[in-house]
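Chemist: This is the structure, below, for whatever I ask next.
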Amino acid sequence: MRIKTKLADRNVLISVAFLLVVPAVAHLLFSWRGFAPVDDGFTLAYSRRLLEGQVPHRDFIIIRPFLSPLIHTPFVLFGGDYTYWVSRLFVWFQFACISWIWVCLVDRVFDNPFNNVTKVFVALVSFAASVHYFVLTAWHTVDGIFLSSIGLWLLLIPRRTTGRGLGYLLVAAAYLCKQSFLFMAPLCVLLLGDWREKKYWLTITLPAAVYCGYLLVTGSFTEAILQMTSQSGVVSTGVGSYLNFGSLLGVFAGYSAMYLLSTHALPLLPPSRIRRYVGASVLTVVPALFVAAGLYRGSLATVSFGVIGMVFGALLYRASTGRTRDGDKMSLVSIALLLAWSASLSVGYNSPALFLGPLLTILAAFVYSRSGSPAPRLLQAASVIAGVAVLLSFGASRPYYIYREQPSSELTEPLDGVLAGGRLIYTNPNTYDFLIDLNDLTDEVSARNRKFAIIPDVPGYWVQSRQANPLPIDWPQPVELGNQYLVGRVTDDLEAQSGEVTVIVQKAHAFYLADGFVPLDEDQYPVVQYVRSHFTKTSETEFFELYE
């Protein structure tokens, strides 16, 4: 009993150390690098609206449920000048938590193939692969993975069953971050064998019931339906995007590698030891090296499709061989595939790359959980080299491939005094000049006792701005205004305020600002077209036009 207690205490200590040290180090190394005046601050701007008492869907347009902005409200409330800085620390923590939880889940279900040192190493590789060069900002997809992972930990790690209800509640809450996680909770109930328990079915419907009740009480139910159903590309993002060479090759490689790992004698193939070593290398070393190469080149989408294909291929092999005693393993792998697929349902980031780390962890567990692992020293050495390659590539690529930014060496301009809440963040000279120009214009408009609106980008401006956004949307771009009704709601609001608001319209395309001045294509932005045709231009600067 005393030995078990010491082991448990050691595991807790390692977990706490990982969850504190890894995010802190990553934060200090990378969080100061870059600001993209498109996605950055998008979720936090919604959080600001919640803190102002605005009712989601009724008072402002949000095409997803609003749990994600609610999660991040403390950083807007208490962050002050350091809002972006502290918010980014929490995002690092989320990725570290996701990676560590999945290493623990896989280790538990696959009969403890990893010792503590291996767990830490695998979790570091998983962390690097998952966060890669993704934009470092509060984001609904990351929140959904985060809540689902914590819920699964409560369902699978504790020996007692008292936390199962809370576990299912957290998994279900993920669909209030983004609709793409809707299938996670019911399929978890089925795959984890709790489908006979009515209380768990009631539990996973509770978040939806509470949300619908809130919508009815606030009179925003109809608006919520119109907004949350404005995007309908599930077939193209969830099926069509997976019909590619990378996915198909991954399925073949995963199935073949598991076949080679089989202990049965196979005619016309090399001796068993060599064959199994090849299979093990294909499952562990090869995908890690591909991830390292993808990180170094700044291109991970195809690699992530290949890795999810490998996991699916390995699962198919297990299912085809009738390994009934592997039920728990197959359930966890199926849940992981579902979570990766749910995270990939996105217009702007349509790949399972955000869940790449846990998928690599599962592939490693398929190999190291087998009895009599082939050539253990040689395989372990090769796996360590491949894992180190991932970490080195992450260290090299993260400062270079910064979302909508120049490399770190060019980030010479501080946002302190330029963007409210942006202290300790640095950007490139182009974006800096853009924000300086915007600040001068907002000061000029405010001095005339007029309200100002900014279109179509820079949602992050509103996170800590001195004036609230007078429009019902912070980022009026095509994804967020997916139908004519939503566009009409914004233009109607502009018309109603035509004598009170000055509209600041970008001349430069913010997506390409880091690379230089690219004229904004108004054909992509109906709201910009409306302002230019219905308002009068009063002045213009290098980056903006003013309309009243």
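One is the number of the first residue shown, and numbering goes on along the chain from there.
Including glycine, each Cβ sits where the backbone N, Cα and C put it.
Relevant sequence annotations retrieved from TrEMBL are reproduced here:
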type	residues	note
TRANSMEM	12-32	transmembrane segment
TRANSMEM	89-110	transmembrane segment
TRANSMEM	168-193	transmembrane segment
TRANSMEM	200-222	transmembrane segment
TRANSMEM	242-262	transmembrane segment
TRANSMEM	274-293	transmembrane segment
TRANSMEM	299-318	transmembrane segment
TRANSMEM	330-347	transmembrane segment
TRANSMEM	381-401	transmembrane segment
Chemist: Which sequence positions outside the transmembrane segment (274-293), separated from its termini by at least 6 residues, show Cβ-Cβ distances below 8 Å to it?
Modeler: 125, 129, 253-254, 256-261, 263, 266, 300, 303, 306-307, 310, 314, 356, 360, 363-364, 366-367, 373-375, 378-379, 382-383, 385-387, 389-390, 392-393
Chemist: List, by number or range, the same-chain residues at least 6 past the transmembrane segment (381-401) whose CB is under 8 A from its CB atoms?
Modeler: 29-30, 33, 121-122, 124-125, 128-129, 131-133, 281, 284-285, 288-289, 291-293, 295-296, 298, 364, 407-408
Chemist: Cβ pairs under 8 Å with the transmembrane segment (330-347): which stretch of 12-32, 89-110, 200-222, 242-262 has the most?
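Modeler: Comparing 12-32, 89-110, 200-222, 242-262 against the transmembrane segment (330-347), the winner is 89-110.
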Chemist: Which sequence-distant residues neighbour the transmembrane segment (89-110)? Criterion: at least 6 residues beyond either end, Cβ under 8 Å.
Modeler: 15, 18-19, 22-24, 26-27, 31, 72, 75, 119, 122-124, 126-127, 130-131, 136-139, 142-143, 145-146, 149-150, 152-153, 156-157, 328-329, 332, 336, 357-358, 361-362, 365-366, 368-369
Chemist: Going along the chain, which residues at least six beyond the ends of the transmembrane segment (12-32) come within the CB cut-off of under 8 Å?
Modeler: 85, 88-89, 92-93, 95-97, 100, 104, 116, 119-120, 123-124, 127, 131, 136, 398-399, 411, 424-426
Chemist: Using a Cβ cut-off under 8 Å, which residues of the same chain at least 6 positions beyond either end of the transmembrane segment (242-262) come close to it?
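Modeler: 269, 275-276, 278-280, 282-283, 286, 302-303, 305-318, 321, 363, 366-367, 370, 374.
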Chemist: May I ask for the residues of the chain that lie six or more residues beyond the transmembrane segment (200-222) and have a Cβ under 8 Å from a Cβ within it?
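Modeler: Residues packing against the transmembrane segment (200-222) from afar: 55-58, 65, 164-165, 168-169, 171-173, 175-176, 185-186, 189, 194.
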